[in-house]
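Peer 1: The structure under discussion is supplied below as structure tokens; questions concerning it will follow.
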Ligand SMILES: Nc1ncnc2c1ncn2[C@@H]1O[C@H](COP(=O)(O)OP(=O)(O)OP(=O)(O)O)[C@@H](O)[C@H]1O
């Protein structure tokens, strides 16, 4: 499921070999030199691909990392250090890593444009330092000694292609790991990443470190190409133009890195031939990049998404044909839950408390937002092997309860215990890894992921295809290859629930998972959720407004009103309690199965966005 695409890799390798044969044999020395420039720029583009394209961090200082690589290579060359050029290249890349991590540290607290300003500041400082201090060897005119095998420009082109290819394969493998996929999730929502147990800090620092390493290698290659480098080779203008190009093209896709490299090399030549100032090229990319930023998607992402969606639509049509018109039967005709798969084959991954024992125990929980007391001394227990409902009118404090228990709201009073152990001091990502997963009222899933990939992120481990298929079938999601971009909002919520369950946590806290579903789909989901503890070994705390769903899923219900628990106990008894109906529905005369999202205005409470602080992971 997460293996590297063999066909694309074989085609890519074939093209690389063809270029290595054709370029030195067929092109004049001028064009060979330009081809080297394109490949070296392509290497540096790959560093933008990691930090800007995948992790979504606005880094404007990749050329400064490249300068560090070049500096190390030239320094080692000047002192005739042992090991030769290839070792120096590696050391140049490694030397950029601690600087990348240091620049990444502010990124743990700062985002977006503010972070761009910090990286810009570093690039400007590096520019100043390089202007004052020459690169080693420039005053002695000691040019970099290339390896004898790659001494000529034709041969050096081959070396550059080898380095580019090795990095591209390494990144393709990395992108399929949890770390690589976590970058995509970070780009879309740090909260969602933390809820999946991803350490936001570690992922961001890793992105900075790896991108700095690649840029450092690129800088070292440039030093080998030019023999001697000067500060203007790593100017701010260059950095900005490459950044703009990265936004526009999307160098996290291999074709984007190649196109970026080629355009970077050719643009300078075209400007030269047209006798136009070089900065004009950078400005042109800058303008185009603004359009890319506005649309939120790079050119290569757009092309890839269209291709993938076309293929997935075919797959969806096939599934529709296979299942026939039964799927489009009226909502009322929906039968009792009939999962299309064989009964549970996958045992729970995390050991859970014995059935009936408290798995999640919350005591005396009080949360204040200024003068608003969102939760007031709330006690709630989720016994192992059960589905517990948490209901109440809009603004009662349900989402705040989930956010607090999962660590997204700090500074609360009370105690939260998971499997008998206090977790109050833990960050959201650590709580998630301990076995507490949550979904959000507003689902944010990176649209470029397939459902399989999203489940893998949620699971936090390699997921067998059969296991992923079982989960998707169980929750009624389309086939796993279908990209999230063409999945409707209601199904994305189900996918989110499936991803939470895929982790086999001790408890999954689901915040209105049925929003966007029809009444029949919602009822079906309720019946499915009721099976989850036995089938997947996961207990559930369910926040919902749909009383039919709550009846179908929950054995116990706790009712909140203005942050207070007003009732708690077996579902039917609680839902028929006149005090609950009065509080929840506004009148005891209204039947309990009327959807309860209507009278929220009676409380005068705010609804909507997730009331949480930024994750502290
Ligand atoms: N970040 C915040 N700052 C200030 N007040 C907040 C914040 N988050 C929540 N509140 C308030 O806390 C109370 C509980 O809100 P919460 O969103 O938890 O209710 P809810 O029961 O989940 O509502 P809904 O059913 O509409 O989702 C509300 O009065 C809300 O306005």
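Just so it is clear, glycine is given a Cβ too, placed from its N, Cα and C backbone atoms.
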Peer 1: Transmembrane segment per TrEMBL: which of the ranges 36-54, 55-73, 302-320 is that?
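Peer 2: The range carrying the transmembrane segment annotation in TrEMBL is 55-73.
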Peer 1: According to TrEMBL, which listed range is transmembrane segment: 5-26, 115-136?
Peer 2: 115-136
Peer 1: Is the transmembrane segment (156-174) close to the transmembrane segment (55-73), in the sense of at least 3 CB pairs under 8 angstroms with a sequence gap of 6 or more?
Peer 2: no
Peer 1: Under a Cβ pair cut-off of under 8 Å, which of the recorded stretches 85-108, 115-136, 156-174, 205-228 contacts the transmembrane segment (240-268) most often?
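Peer 2: Maximum Cβ contact count belongs to 156-174.
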Peer 1: Mean pLDDT across the domain 'ABC transporter' (360-587), rounded to an integer, is what?
Peer 2: 91
